[in-house]
Amino acid sequence: MNMAKDIKFSADARAAMVRGVDMLADTVKVTLGPKGRNVVLEKAFGSPLITNDGVTIAKEIELEDHFENMGAKLVSEVASKTNDIAGDGTTTATVLTQAIVHEGLKNVTAGANPIGIRRGIETATATAVEALKAIAQPVSGKEAIAQVAAVSSRSEKVGEYISEAMERVGNDGVITIEESRGMETELEVVEGMQFDRGYLSQYMVTDNEKMVADLENPFILITDKKVSNIQDILPLLEEVLKTNRPLLIIADDVDGEALPTLVLNKIRGTFNVVAVKAPGFGDRRKAMLEDIAILTGGTVITEDLGLELKDATMTALGQAAKITVDKDSTVIVEGSGSSEAIANRIALIKSQLETTTSDFDREKLQERLAKLAGGVAVIKVGAPTETALKEMKLRIEDALNATRAAVEEGIVAGGGTALITVIEKVAALELEGDDATGRNIVLRALEEPVRQIALNAGYEGSVVIDKLKNSPAGTGFNAATGEWVDMIKTGIIDPVKVTRSALQNAASVASLILTTEAVVANKPEPAAPAPAMPAGMDPGMMGGF
């Protein structure tokens with residue numbers, strides 16, 4: 001059964017949506033800048049969440065009026081999209097959307113053609129984005145990375161953790177954020193490739209106290225077959241034995257007489273050998289074995305390639321500087337694979353990441369990428385209370401995303417300053433009629449983040465903007481101290497990717513709202529009357545269960 005619909009047209013439709021845009025944007029924009037305030041979100045269970053993270057707040061907002069709610073949801077979409085692309089800048093995106101919608105609406109109401117305005121907005125936005133990229137400064141080196149992370153998280157300590165993590169595992173490495181048991185935030189790094197499979201027999205350990213097997217400069221046999229018959233691998237074992245180096249066997253399983261034979265040789269000291277099961281399942285297992293082979297310079301011995309264990313030679317074995325195996329996991333450090341082959345494999349996984357639609361696949365591909373690229377770092381977040389912990393975790397996630405974005409596309413002066421810097425380029429666009437109106441709307445919107453940051457810190461926005469326009473490039477207003485400073489030197493910076501995504505997403509959704517002519521919403525259903533009680537039934541009886 002289709003629900004009845006409520007429909008609003010042109011000015012009515014836009015006005016209702018703008019009310020929703022305003023409700024959401026006004027709630028989110030109080031968090032912008034160093035003096036941004038917090039917003040408290042009620043949670044159905046547990047303590048309320050206190051946050052200044054734009055996208056978290058935007059996702060919580062649900063309005064009663066269907067038309068207003070649609071406006072709010074569109075802005076929430078801008079915040080989410082910016083968060084997905086750049087991981088930060090959600091509040092800036094919200095402020096820009098609101099500014100473009102308001103300026104645009106004035107002109108549409110006064111009779112301008114929304115399609116012309118939209119064209120102008122798109123042209124101006126593209127010009128602003130090019131200008132931002134042109135003034136970007138690259139970020140490299142531990143100090144620069146620490147500075148970017150410290151600005152985003154408002155904590156120098158967090159900045160140090162993130163730059164340390166990125167230095168240790170590389171820019172493509174996986175950095176995860178977990179909750180710590182204690183009060184302190186700390187960093188743990190697993191270098192090399194780790195997978196969740198331990199030794200098949202505890203008699204294979206080399207250190208009885210720690211119960212781990214350390215293999216220095218080992219050979220690695222990689223196969224998706226079961227090893228049950230020792231005769232299958234005997235020729236290989238004899239060759240490895242001559243080199244006096246240890247061997248790691250990664251196989252579907254090692255059982256039958258093969259396992260006790262290997263263990264016996266290990267105990268006698270003839271031969272240092274450790275066997276582990278292959279990681280993953282199904283197709284993912286094949287891909288992971290291939291990753292290990294590429295990392296170590298070996299070949300996967302598999303029927304898919306028509307290879308048999310008994311025919312394998314030393315050239316099929318991978319090598320590494322060191323391997324550590326405990327009862328649950330194996331870590332391969334410094335595999336001997338060619339850096340070119342590893343780079344090609346990383347590029348292949350990255351292209352699969354771009355095309356996959358499944359979140360689960362994306363997560364698994366990301367893990368494989370990290371393992372090939374250099375390791376996994378875990379930042380364990382500690383805080384005195386649960387509420388503080390949640391808030392801290394969100395801040396660190398933001399900082400990590402902002403830092404990655406900065407390394408990718410460079411940085412510009414923060415605090416909305418860069419958006420004012422590009423005004424000159426946008427103003428120079430020669431456009432006519434409604435297109436020119438669209439450009440002017442963007443020009444006005446580019447001032448809005450600075451205005452809001454100043455307002456939140458208790459300063460007069462227009463005064464700050466006027467002074468900023470007449471200041472040398474790179475000089476900006478530090479809202480935390482009220483001083484005029486060289487923004488980048490002071491460490492007040494924004495990743496270009498964040499600023500650019502915020503502007504592009506805001507312009508895109510705001511122009512959609514301006515070109516809306518009708519809005520269709522579901523009519524609220526009248527509440528169904530409560531069923532009458534059967535005669536003679538005592539209402540008190542209902543509570544007896």
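The backbone N, Cα and C atoms fix where each Cβ goes, glycine too.
Quick caveat, the model's predicted, so the values are computed rather than measured.
Copied over from Swiss-Prot:
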BINDING   Thr31, Leu32, Gly33, Pro34, Asp88, Gly89, Thr90, Thr91, Thr92, Gly415, Asn478, Ala479, Ala480, Asp494  ATP binding site
>> Sequence gap of 6 or more, Cβ distance under 8 Å: name the residues on the same chain that satisfy this around Ala480 (ATP binding site), in order along the sequence.
In response: Pro34, Lys35, Ala457
> Can you check what DSSP calls Ala480 (ATP binding site), collapsed to helix, strand or coil?
Replying inline: coil
>> List every residue in the same chain as Gly33 (ATP binding site), at least 6 positions away in sequence, whose Cβ is under 8 Å from its Cβ.
In response: Gly415, Gln452, Ile453, Ala454, Asn456, Ala457, Ala479
>> Is it possible to get the count of other C-beta atoms within 10 angstroms of the C-beta of Thr92 (ATP binding site)?
In response: 28
>> Using a 10 Å radius around its CB, how many other CB atoms surround Thr31 (ATP binding site)?
In response: 21
> So, in DSSP terms, is Thr90 (ATP binding site) helix, strand, or coil?
Replying inline: helix
> Ranking the binding-site residues Thr90, Asn478 by other Cβ atoms within 10 Å, which is at the bottom?
Replying inline: Asn478
